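Read the structure below first, then the notes.
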Amino acid sequence: MAAPDRDTITAIATPPGKGGVGIVRISGSNLGPVLDALLGRPPRPRYAEFRHFLDADGRAIDSGIALYFPAPRSFTGENVLELHGHGGPVVLDLLLRRTLQLGCRLARPGEFSERAYLNGKLDLAQAEAIADLIDSSTEESARSAQRSLQGEFSAHIHHLQECLVRLRTYVEAAIDFSDEDIDLLDDATLGHEITGLLDELDTIDTKAHQGALLREGLTTVIAGRPNVGKSSLLNALAGRDLAIVTEIPGTTRDLLRESLQVGGLPLHIVDTAGLRDSEDPIEREGIRRARDALANADCILLVCDARHTEAGDALPADLPETIPLIRIFNKIDLTGAPASLTVERETTVIHLSARTGEGVDLLRQEIIRRAGYKKGTEGVFSARRRHLDAIRRARAAVANARLYLHTKTAELLAEELRAAQKALGEITGEFTNEDLLNRIFSSFCLGK
């Protein structure tokens, strides 16, 4: 792990624009000259003191609260100064420029959190949870991010790593005593522990999957032929008029994106142009974009007109078969048929009316079910795709280890356990390369 920079960094920690309060944050190993020049004298550590923030001539740029946190008991583990002044962009810019005059460097996005990680104040999963908490779009996603920030996810990972260390110690002993008349791999306890570890990995995978859904949401693409009610369905799911609805085929020519909640699950809906052959170059471009959106969907809603049951597949033939598809027969208000949900050849079929709303709740429930989301699941923490990948690689390695235990191949068993431990270490940052760190922290906002 690289040592943190020793220079002093500064940034505005509040969002751009006007507000009642604006904050400038400073962190570094030597803040003495900055404290003297900006405040006249250092404030008492961990006390909120009203101060004037001074320019180079000793005149007040602004007045407000100064908070000083000496190292190591601070967010970054370094000396930290926060200046809470008025939230106008001009006064904040003047204050920021003053800190730069005093030798501070403008912080990179996420650099305060990066220093906290590098100084051991939090691990990588907790650092990522800060960004997830800021970006959360639902109450459930905010609560799951807070659990990760408090260390619940990391505690699960550390427990699994401790189990792996114990197993590795036992297996290494079996290798060391391989020339003796002792077969430690015959101990049934070892097999029980590996099986128990697999069960725990399955449990944490389930929770991490829920957390990833809350963080990232589900990209759901509405597709179908022109004039089957795709835009009406978007409006019905959103509960308000978002898309223009007319009887003229081809009204939607570009992608229309909307984010909303369905039972606490963030849903990113994409309404697309009707899929058909067209001579109109603008409509053709919209259809091309629709096909691109379909290829990247987490779930597809294929809308058909309930009056024309033969109006079947309008989907590109080259779509991945792994993308879940829900077939929707819309406009049952024109046929007199009731709303219903059935499963035909492993495909969910829903009859509904986007205009009246009849059957739309069936669709909402099916989207949640197909996503594998369980509202109100206790102990769910924020997770990312890289976390899921690491957990699943660890599980695969432990499953291989169980096979090698049965064949009593101790060296390969030990190697698989080591690989599992390394995969889990990537989550908390114990085994992480510099490129990954740069990608993670560069996605943070300035001042965090």
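The backbone N, Cα and C atoms fix where each Cβ goes, and this holds for glycine too.
Listed in Swiss-Prot:
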- R25, E82, K121, K448: (6S)-5-formyl-5,6,7,8-tetrahydrofolate binding site (BINDING)
- 217-372: domain 'TrmE-type G' (DOMAIN)
- 227-232, 246-252, 271-274, 353-355: GTP binding site (BINDING)
- N227, T246, I248, T251: K(+) binding site (BINDING)
- S231, T252: Mg(2+) binding site (BINDING)
Between E82 ((6S)-5-formyl-5,6,7,8-tetrahydrofolate binding site) and S231 (Mg(2+) binding site), find the distance joining the two CA atoms and give it rounded to the nearest Å. 49
Out of N227, S231, which of the binding-site residues is least crowded by other Cβ atoms within 10 Å? N227
Quick check for you: of the binding-site residues R25, K121, A354, which have their Cα within 10 Å of the Cα of S231 (Mg(2+) binding site)? A354
Cα-Cα separation of K230 (GTP binding site) and R25 ((6S)-5-formyl-5,6,7,8-tetrahydrofolate binding site), in Å? 48
Of R25, K121, K230 (the binding-site residues), the residue whose Cβ has the fewest other Cβ atoms within 10 Å: K121
To the nearest whole angstrom, what is the C-alpha distance linking A273 (GTP binding site) and R25 ((6S)-5-formyl-5,6,7,8-tetrahydrofolate binding site)? 47
Quick one: pull the CA-CA distance for K121 ((6S)-5-formyl-5,6,7,8-tetrahydrofolate binding site) versus N227 (GTP binding site), whole Å only. 56
Taking the Cβ of A354 (GTP binding site) as the reference point, list residues of the same chain whose Cβ is under 8 angstroms away and which are at least six residues distant in sequence. G229, S232, L233, N235, A236, N330, K331, V360
All chains considered, the count of other Cβ atoms within 10 Å of the Cβ of A273 (GTP binding site) is 27
Can you tell me the three-state DSSP label for K230 (GTP binding site)? helix
